[in-house]
Structure formats: C-alpha cells, structure tokens
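Engineer: According to Swiss-Prot, the record shows the following:
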type: DOMAIN; residues: 10-206; note: domain 'tr-type G'
type: BINDING; residues: 19-26, 81-85, 136-139; note: GTP binding site
type: REGION; residues: 60-64; note: region 'G2'
type: REGION; residues: 81-84; note: region 'G3'
type: REGION; residues: 136-139; note: region 'G4'
C-alpha cells in the first residue's frame, strides 16, 4: 500500500517528552513513531535515529534536539526529544522548541527522581499548559501495589507544582515491549492509549493569528506627506487599516491609529501574524516611537519593570561568562528587538550563580518593557549572550 501523504489539514500541536535520565523518553518517542507508522501516521524511527539529535542554535545557545512528526486521527504533532538534561533546561527556557503540552515519562521501577521534579518545575515556570504521564517499564515491576505507590507519588509531585495532579491522566506501559512487539496490553495498546490521552487532554493551542495584535518595532521612518511608518514582523494577531493601536514600552503608553499597512511596497488592508510589514501611524511623530517598543491591540499588553525570571546561564565553553555572578549584577536584557539594563537580585540563601546553572532570579529593569508571562529574553554583556531566560511571573 502506498504511504499516505502527510495532510496538513489537521490542527497542529507541539509536544515533547520530559523526565529523568534513562526513564525511557527517547525509547517512548521511538515507540510512538513505530506504532503510529502501522496506520500510516508516522515514519518509523528507531532509538539511534532520535538519539543522534542534531545541534541547533537558539538565542546564541547551542542545543541538541531531535524533532519527529506524526499524526493521530485528530491532530498533526511535532514532537521534541532531547538527549541530555542540560539540553532540556536550555530548550525549555529559550523556547527553542515550543511545547503546547508534554509527556512526562516516569519509570515504574524507580518512581519520580530529581530530574522528574526539575522538569515539572521548569514546565510550570516556562508555562507549558498541560502534562500527561506515561509510566514506563511496567514490565519490570511485578507488584501491583508498587505501581499504585509510584502513581500516588507522581500525582503528589505534580500537585506540589500547581499542576492538577489528581486529574492528570497516567498511562501505564512499556515502550520497549511496544517496540519489540511483545505483550500488546502493555506494549502497543499502551502507546495507542497514550496518544488518545494526548489528543483529548492537551488543549489545542490558539493559532498566532487568533491572538491579540502585537508587533515589535524594528525600525521607524518618516515619509513626508504621509507620516510615520514603523516596520517589524507581526508576532500575533491581525492589524487592519483604521484600527486603533497602542505603542507600549520604554515610555508612557500612546494611542494612535493605523492608517496604512504595506508589504513589499504594496498597500494592504490588513497585516497578519508572520508578515513583515510597515505600519503607517496617524499623527505620530518619528521621535515618539523607537525600536524596542511594540505596537499592539489597545489594552492587550502592559509595560513592566519588575519580574521573576527562570534563567539559564551559559558555560564558558558555550561562550558565556568564566566567573559566577552575585546579587546586584547588572547585565542587559534583550527583549524582542532591544537591550535594557536590569538589576538581578538572587534568592535568599543563594550566594552566587555559576556558569551552567539554571535559577530563579528577581529582575528590575531600568525602563519598562511590554511583557507578559512566558516572554523570552537573552541576558547579554556588551552584545555577547551570557544567558537566556523567560518571564515566569510579573511583579509590577
């Protein structure tokens, strides 16, 4: 039978496997592709294919990530799997591979381990909307009571990080048995059950075009007789000619009206997410707008200076700092299109942050930036990236 073409008409969702080292994340990823390939929903990949994850760069940081894609009856998925713990930390903090949901893999033989906890915390900090659990390696556990105990531990751990531990679906099985074609109850059927759960439990993300309009300002020009044009790539939503927009960040919020949208020197009646456009603003002077601000739907985003960040600090080998930093460290924070100086305060009981650490930091910027939870940024010193972070919580 000829293999069916990957249809792009199904809703798309980005997911990934997370969990402790050697609990079976990559084996599960391979098992999903192998089982779904039987119904034409994937190209089968073995463990070695996925484990040889290529290097990629995100915000100046090198990360190893494997990408596979597959589809169920309802959705098309892009799935990320990382070979090492440090890659997970970097991936989740930089948002290199966006996750709309994640499969937490826990070995039934070991139960939750330190990285299980750390990945759940990271998922919470970076705003992964939903998790499901695959309890792997049940073929190694004979005692039903032990499985119940592990399930209870996992649920308590999830609840302690504000995930709905009592409600999160847990699928029990063995990814290795599924790959080897062993007992279908814990093998193939568990993989199909997991995918049904992922389909049902991980909410369909909003498409960028359906979100409120936002465009980071990259450049500002003044066109005689027409007014001021700001250029940039629309990040989300749609802007239509005649609509009110706000200019947010760096200075006081200003309201103005979009009187024209142009792309490739052609006039359009609207611009949408993904478009590189020039937006003509009525009555706005060239000196009223600057790179680093955003154009947005009025009231949809506000400027802030104080926030809690989850950040990863590069190692010396990654081109980062050679020495630790202490409280009151003042680097630049690169948000969208511009650098803003900020002051970092370390948490109580934390003496210093070493290169290679990931940590929660309290940050205060010297000028306000349009931000919401989940916004990514780079930490820089004199134009060189020394870290990456995400806004975990806005303070003021």
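Even glycines carry a Cβ here, placed using N, Cα and C.
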Engineer: DSSP helix, strand and coil counts for the region 'G4' (136-139)?
Structural biologist: 2 helix, 1 strand, 1 coil
Engineer: How many of the residues that make up the region 'G2' (60-64) does DSSP mark as helix, as strand and as coil?
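Structural biologist: So the counts come to 0 helix, 4 strand, 1 coil.
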Engineer: By the count of other Cβ atoms within 10 Å, pick out the sparsest of the binding-site residues 25, 85.
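Structural biologist: Checked 25, 85; of these binding-site residues, fewest Cβ neighbours within 10 Å: 85.
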Engineer: For residue 138 (GTP binding site), what residues in its own chain, 6 or more apart in sequence, show a Cβ-Cβ distance under 8 Å?
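Structural biologist: Set apart from residue 138 (GTP binding site) by at least 6 residues yet with Cβ under 8 Å, we have 108, 147, 172, 173, 174, 186.
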Engineer: According to DSSP, collapsed to three classes, what secondary structure does residue 22 (GTP binding site) have?
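Structural biologist: Coil, per DSSP.
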Engineer: Near the Cβ of residue 22 (GTP binding site), how many other Cβ atoms are there if near means within 10 Å?
Structural biologist: 13
